[in-house]
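Before any comments, here is the structure.
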Amino acid sequence: QHVSNDEEGGRPAWDNQVQFLLACIAYAVGLGNIWRFPYLAQTYGGGAFLIPYILMLVFEGVPLFLLELAVGQRLRQGSIGAWTKFHPYLGGIGIGSMVVSFMVGLYYNTIIAWCFWYICNSFTDPLPYAKCPLTDNNTAYVEECQNSGVTDYFWYRDTLNISPSIDDTGGIVWWVLICLILAWTLIWVTMIKGIESSGKAMYVTATFPYLVLFIFLVRGLTLRGSGEGVTFLFTPDIQVLSNPQVWLDAATQIFFSLGLGFGGVIAFASYNPKKQNCQRDALIIALTNSFTSIFASIVIFAILGYRATLKYEDCLDGLNLSSCDVQTYLAEVSSVVTPLFDLGLKGSISIAGYDAFLTEKHGSVLNGTTFHNLTECSVEKNLDEGASGTGLAFIVFAEAILRMPGSPFWSVLFFLMLLTLGLDSMFGNIEGVLTPLNDMGITKKMRNEYVVGIIVIVSFLVSLTFVQGSGNYWLDVFDKYAGSIPLLIIAFFELTTLSWIFG
């Protein structure tokens, strides 16, 4: 067995420092970097959001991350054992971290199950959410799908089979149940020997998302409209900085993105040599995490810019126009507009100027010419349709992939990336439960694979709540309450204990 050769002896250790850094980076870089940060940057003034984000990284993220790394590395214990060494009563901090890791792991692995479902459905051409299904008598498309949109219908009906409310369970969705069994089995196999097995898996799972993001970046920048998407993302709106909510969301994003308060960071650091440079590690991991968020935002909005451009062209098609014909169309109707408004711009009316005119004259007819409201067709308007979380990944981005040539390949690649990001976070969540149990001696007489198996089975049974028709409602409840306020309370006591009580 690979164990550390220090004075305490017998404790497993990372094979090398690179493995530890990959584990921590993989744990920190999760789904929130892909579907939460881009949404916040878009919502709060684009490039202006980076100002509070970087400040919170410096004054909140790095110090807290260094604190947890130092505690785990110096005391070589999981969250419960480490805080009990300060004082027996402070073991509650560790218990809180362990419970939060367990509860977050429940619904996080359900998201991995959804990724499995989308991957399995991506090996068809066309993709199953490429068009609405037909009715039972094959005479028309399903009305619900036509009203909601094909990717929305596939997500809410064909994937979740969602019930009308949380009170209506809707029964078990068997295809999601199979995917959930597969997801928990994968966790058990990769965690069967603790960090000895999961550490080796992270060589693949930690680096694969970066490879996929780079591939998507290269492909996305070759699509028309990608430049508009990236420009829209980072166009700064300094005025939003006067909104306190911007600063609160920046602080929250840093906090949750680094995985603070879960106990996973303490658990990973506890397998380090005592004299490893944890200050350097904290900076490397925190900066890599923030770089990934910005890099992922560029990739996401390059693709969304392509989607928005296509939707803009579809809108113009509805007006019997195309993006190439807009200026021609304006030139044709300028012979009607010019005498009325004395513009003197026949044949060269700009789209921007024409939009203002058409806003007033929407739907009117002058001299037999119908004026259309082109302000309804806008790339910026399409990009401004903000979405985050599962809505961004499984609906909006799925629609963008659908419009890309070779969409099945890109679909497999994207959801495989989400799956590996989820797995990396799950390794940290499970380790945040497993390490404290081992350190307390509860599992001392049991082999590690049996302990992991028990954790997986209990977690699977509880997470059956999420594979019902009402499962998505319950997942939202867990997401909003299990991993939010409890983490803030845990971090508060970590700070006050270490910085103010013990110095």
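In case you wondered, yes, glycine gets a Cβ from its N, Cα and C as well.
As given in TrEMBL:
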- 20-38: transmembrane segment (TRANSMEM)
- ALA28, VAL29, ASN33, SER257, ASN289, LEU421, ASP424, SER425: Na(+) binding site (BINDING)
- 50-71: transmembrane segment (TRANSMEM)
- 92-119: transmembrane segment (TRANSMEM)
- 172-189: transmembrane segment (TRANSMEM)
- 201-221: transmembrane segment (TRANSMEM)
- 250-271: transmembrane segment (TRANSMEM)
- 283-304: transmembrane segment (TRANSMEM)
- 409-430: transmembrane segment (TRANSMEM)
- 450-469: transmembrane segment (TRANSMEM)
- 481-502: transmembrane segment (TRANSMEM)
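Most Cβ pairs under 8 Å to the transmembrane segment (283-304), among the stretches 50-71, 92-119, 409-430, 450-469, 481-502, belong to 50-71. 481-502 is the stretch from 20-38, 92-119, 172-189, 201-221, 481-502 with the greatest number of Cβ pairs below 8 Å to the transmembrane segment (50-71). Sequence-distant neighbours of the transmembrane segment (172-189) (same chain, 6+ residues past either end, Cβ-Cβ under 8 Å): 109-110, 112-114, 116-117, 120, 159-161, 197, 423, 426, 430, 449, 452-453, 456, 459-460, 463-464, 466-469, 471. Segment contact holds for the transmembrane segment (201-221) and the transmembrane segment (409-430), given three or more CB pairs below 8 angstroms at sequence separation of 6 or more. Within 8 Å of the centroid defined by the CB atoms of ALA28, VAL29, ASN33, SER257, ASN289, LEU421, ASP424, SER425, the record's Na(+) site, lie the Cβ atoms of ILE25, ALA26, TYR27, GLY30, LEU31, GLY32, GLY259, THR292, excluding the listed residues themselves. Panel annotation: around the transmembrane segment (481-502), residues 64, 67-68, 71, 83, 86, 90, 93, 96-97, 99-100, 103-104, 107, 255-256, 260-262 of the same chain, lying at least six beyond its termini, place a Cβ under 8 Å from a Cβ of the stretch. The Cβ neighbour count for ASP424 (Na(+) binding site), using a 10 Å radius over every protein chain in view, is 26.
Of all Cβ atoms in the protein chains displayed, 24 besides its own lie within 10 Å of the Cβ of ASN289 (Na(+) binding site).
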